[in-house]
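Single-structure report; data block below.
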């Protein structure tokens with residue numbers, strides 16, 4: 001994502017001048033022929049007009065988050081089940097397609113979408129803060145570290161800090177309620193029933209029991225994700241123009257690399273969120289499992305090294321289109337809103 005800032009300056013005499021951009025400069029009009037430069041001429045579309053950047057990033061991020069989670073939700077439901085350490089015999093699957101087919105045929109057409117409403121409710125504000133924080137921090141750190149250039153260190157740090165805000169909003173909705181609704185034979189009739197039951201039986205703290213664990217997984221995931229995306233953009237779209245195919249490809253590669261690398265952490269997070277009774281009972285664990293160290297030890301006791309990579313196929317299959325959708329939608333809305341703002345100013 002570009003960190004240069006677009007400025008539009010018009011003198012009283014009618015001559016215009018644009019600051020140097022990442023691409024070749026646009027034509028300079030003669031003094032006798034006043035003209036307004038095109039918003040896309042000689043500059044990067046991602047640079048936003050002053051005063052509009054925060055709102056634009058937040059709106060584009062909210063739309064991208066909702067689209068990402070809603071489109072890929074059925075695959076996410078499969079991933080949650082495939083990460084079960086001791087699944088019910090009726091919920092054992094060999095692959096993503098077989099799992100989806102079996103869920104629809106045996107549990108109903110809408111079963112893979114169970115819990116999607118709470119996820120969409122949290123995805124909008126979470127991703128709005130997420131992208132806005134990332135853009136702001138990336139620009140500030142890049143200006144400091146690399147004098148406005150693209151710094152991979154700045155990208156990684158900005159993505160990690162943005163994750164703190166994102167997970168604070170999404171952890172209760174996505175990591176606790178959603179995953180419990182997705183499990184096979186879930187005892188909860190609805191999202192509200194799940195929320196009330198968890199609060200009554202486990203206390204309010206249960207909604208943030210896995211927050212630190214979530215951060216332990218998501219901070220490295222997002223650092224890898226953003227660094228990979230920016231690295232790919234440098235290679236396939238060095239001028240940082242609006243190029244949908246480059247955003248799709250870069251997002252897909254970034255999601256796949258980050259997902260595969262952090263699968264062991266995701267398996268442990270899922271165990272802490274679902275508190276899988278069958279698995280815990282087989283090891284004579286009473287009460288609630290807490291802490292990443294305990295989760296790592298329990299996963300190893302139940303499945304060995306291979307246990308850390310349960311559901312890796314579903315996770316990668318989920319993340320490739322998921323991050324591709326998120327980045328392409330985000331870049332499109334950022335481009336569209338930026339162009340609209342510039343046209344209004346001119």
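Placement of Cβ uses the backbone N, Cα and C atoms for every residue, glycine included.
TrEMBL lists 19-37 with the feature compositional bias 'Pro residues'.
For 1-51, the entry in TrEMBL reads region 'Disordered'.
Residue counts for the repeat 'Solcar' (52-140) under DSSP, helix first, then strand, then coil, are 72 helix, 0 strand, 17 coil. Summarising the annotation, TrEMBL assigns repeat 'Solcar' to 52-140 (among others).
Among the features that TrEMBL reports, repeat 'Solcar' is placed at 150-235 (among others).
Across the repeat 'Solcar' (242-336), the DSSP tally of helix, strand and coil residues reads 77 helix, 0 strand, 18 coil. The repeat 'Solcar' feature in TrEMBL is assigned to 242-336 (among others).
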